[in-house]
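Beneath this line is the structure, given in structure tokens, with notes to follow.
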Amino acid sequence: MQPTAIDSKSKSHANERVAFIQACWHKDIVDQSRKGFIAEMANQGYAESDIDIFEVGGAFEIPLHAKLLANTGRYAGIVGAALVVDGGIYRHEFVAQSVVSALMQVQLETEVPVFSVVLTPHHFHAGEEHQKFFFDHFVHKGEEAAKTCADTLNKVRSLRRLDAQQKAAC
């Protein structure tokens, strides 16, 4: 049997839901990624009602919530968003790396795509200019995550359909 091309342009996502998990630390900034994500998902053909929002205390809590949500079978994709900054007690890079690695593990174990908007800057301070930069940057990262999410869900849907067709042909 010949391999079939993966259709990444299909918009047939009826009944597909996406979970958006966001940390509440620096909530005003992280909220911008959610807003950018929802706006771009609308451009991709998803309704705001297709996206369920979950808030957790901090970035470290995102992977467990992602896994529990993936295991429900309700979500076609899951997004985690957080701003991880140096708290002076531990290195923020370790926290961010742990979270992103755990999100990758969740998607590999559950076969539900998981997307990361978990960002950690080299230097962060609460000055007005920095705040504006991160507000804008998180909107952009939310939009990027939405484009990637919609594209990946289309491709996964096509792969699963192809797999089902090949199994039916056997």
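Along the chain as shown, residues are numbered 1 onward.
Backbone N, Cα and C atoms are what each Cβ position is placed from, and that goes for glycine too.
Keep in mind that what you see is a predicted model, and the values were worked out from it rather than measured.
Annotated features in TrEMBL:
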- R91: active site, proton donor (ACT_SITE)
- W25, A59, F60, E61, L83, V84, V85, S116: 5-amino-6-(D-ribitylamino)uracil binding site (BINDING)
- H130: (2S)-2-hydroxy-3-oxobutyl phosphate binding site (BINDING)
Rounded inter-Cα distance in Å - W25 (5-amino-6-(D-ribitylamino)uracil binding site), H130 ((2S)-2-hydroxy-3-oxobutyl phosphate binding site): 16
Length of the line joining the Cα atoms of F60 (5-amino-6-(D-ribitylamino)uracil binding site) and H130 ((2S)-2-hydroxy-3-oxobutyl phosphate binding site), in Å: 24
Lowest local Cβ density (other Cβ within 10 Å) among binding-site residues: A59, H130: H130
Site diameter for 5-amino-6-(D-ribitylamino)uracil, Å, by largest Cα distance between W25, A59, F60, E61, L83, V84, V85, S116: 16
Pairwise CA distance, A59 (5-amino-6-(D-ribitylamino)uracil binding site) versus H130 ((2S)-2-hydroxy-3-oxobutyl phosphate binding site), rounded so that it is a whole Å: 21
Cβ-based isolation winner (fewest other Cβ atoms within 10 Å) among the binding-site residues L83, V84, V85: V85
Other C-beta atoms that fall within 10 angstroms of the C-beta of W25 (5-amino-6-(D-ribitylamino)uracil binding site): 17
Listed in sequence order, residues with CB under 8 A of E61 (5-amino-6-(D-ribitylamino)uracil binding site) and six or more positions away: A23
CB within-chain contacts under 8 A for S116 (5-amino-6-(D-ribitylamino)uracil binding site), separation at least 6: V79, G80, V99, V100, L103, A145
Three-state secondary structure, S116 (5-amino-6-(D-ribitylamino)uracil binding site) (per DSSP): strand
